[in-house]
Ligand SMILES: *Cc1c(COP(=O)(O)O)cnc(C)c1O
C-alpha cells in the first residue's frame with residue numbers, strides 16, 4: 001500500500017538518536033533546548049517550547065492565554081479534533097467558523113459575520129484557532145485585524161505548516177498571533193515520532209508555557225512566593241503537566257530540521273506534478289493563494305458528487321483496493337458525535353460539509369517516487385472515468 005504520508009529516516013537521524021541514547025541524559029538534557037532554538041531561529045520567533053505533541057502544545061497554549069470556564073474558543077470544522085479538544089480540556093466551550101471554499105481554511109468573512117452576532121449576544125470568543133489546512137497559511141492579516149476590533153487571542157494551529165511562508169515570512173514567527181503550534185507526528189513535515197512545539201514572542205506567555213509543560217514547578221527565585229528552603233528547592237506555582245519532549249525525540253527533530261527546506265521543495269515538486277497530471281480530470285485540485293507558500297502537508301482533491309460521476313466513496317474504495325492509501329481530511333469536527341451532543345447539527349457549516357462530502361487526500365511525502373505517483377494517478381484516472 002502506498003501510504004498517504006510517511007516519514008523519511010536517514011542514517012544521520014539514527015546516529016543522532018543513538019548519540020543521545022549513549023549520553024548521560026535521555027530527557028531534560030541539552031538537546032531539547034538546541035532543538036527549540038533551532039526551530040525558533042528558523043521560523044523567526046523569540047521562544048519555542050518542545051512538548052510531547054501538538055495536542056499538548058494546544059492545551060498549554062490555551063491555559064497560558066487563561067482560557068477557562070465560561071470562555072469560548074472558535075476554530076475551523078475542517079481540522080483534526082485536537083484543535084477543538086484543547087478548549088474542552090480547559091473547561092471552555094467550542095464553536096466553529098465555516099471554511100473558505102477555495103483554501104479550505106477558516107473564512108475571514110464568516111468569522112467577521114459570526115463576531116458581529118456574538119458581540120450582540122455577549123458571546124465573543126476569548127481565543128480563535130485558525131488551522132493552516134494542508135500547510136497553506138490562513139489569511140492571518142484579516143484574522144488579526146478582527147482580533148484588534150473584537151479583542152480575542154490567536155493560536156495558529158500550524159501542525160501542517162512548518163516550512164511554509166505567509167506574505168514572504170515564515171509561518172511560526174507569531175507576527176499575527178500570540179502563539180503558533182507545530183506537530184512533529186510522522187505524517188507531518190518533520191518528525192520526532194510524537195512531539196510538538198509552541199512558539200511565541202511574548203515573554204509572559206513563554207514563562208507560563210514553560211511552567212505548564214513541566215508540572216508548574218520553577219527554580220526561578222523571582223517567581224517563588226518565599227525564600228527557597230535551600231539550594232535543592234523548587235516550588236510549584238501553578239498546576240502543570242508532564243508534557244516534556246525527551247532528548248531522544250529532540251535529537252531526531254534537530255536532525256530532521258536540517259532537511260526542512262529539502263522536504264518542502266520535494267512536496268512542492270510532487271504537488272506540481274500531480275497538478276499537471278490531473279489537469280484534464282473532472283476533479284478539483286488544491287488552489288494556492290498568492291499570499292501563501294504552502295508546506296504542502298496534504299494534496300487533497302475534490303470528487304464532485306454530480307449525478308453520473310463516481311462518488312468519492314466509490315473512488316476511495318477502488319483506490320484502496322488498488323493499493324493506494326488515499327485518505328479523507330477531515331471529518332468536520334462538529335459532526336463528531338461527541339460534538340453534536342453539544343448541539344451542533346449537519347447544515348451548521350455548509351461549506352465545510354460540502355467539502356467533506358467530496359474530499360480525497362492523495363499520497364504525498366518527500367520519498368514518494370515518480371513511479372509511485374504515476375501509479376496513484378493512473379489508478380485515480382481509471383476509477384474516476386469508469
Ligand atoms: C496532527 C494535528 C494535530 C495534533 O498533532 P499531534 O502532534 O498528533 O498531537 C493538531 N491539529 C492538526 C491540524 C493536526 O493535523
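The backbone N, Cα and C atoms fix where each Cβ goes, glycine too.
According to TrEMBL:
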ACT_SITE  188  active site, proton acceptor
MOD_RES   188  N6-(pyridoxal phosphate)lysine
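Classification of residue 188 (active site, proton acceptor) by DSSP places it in coil, neither helical nor stranded. Counting every protein chain shown, the number of other Cβ atoms lying within 10 Å of the Cβ of residue 188 (active site, proton acceptor) is 22.
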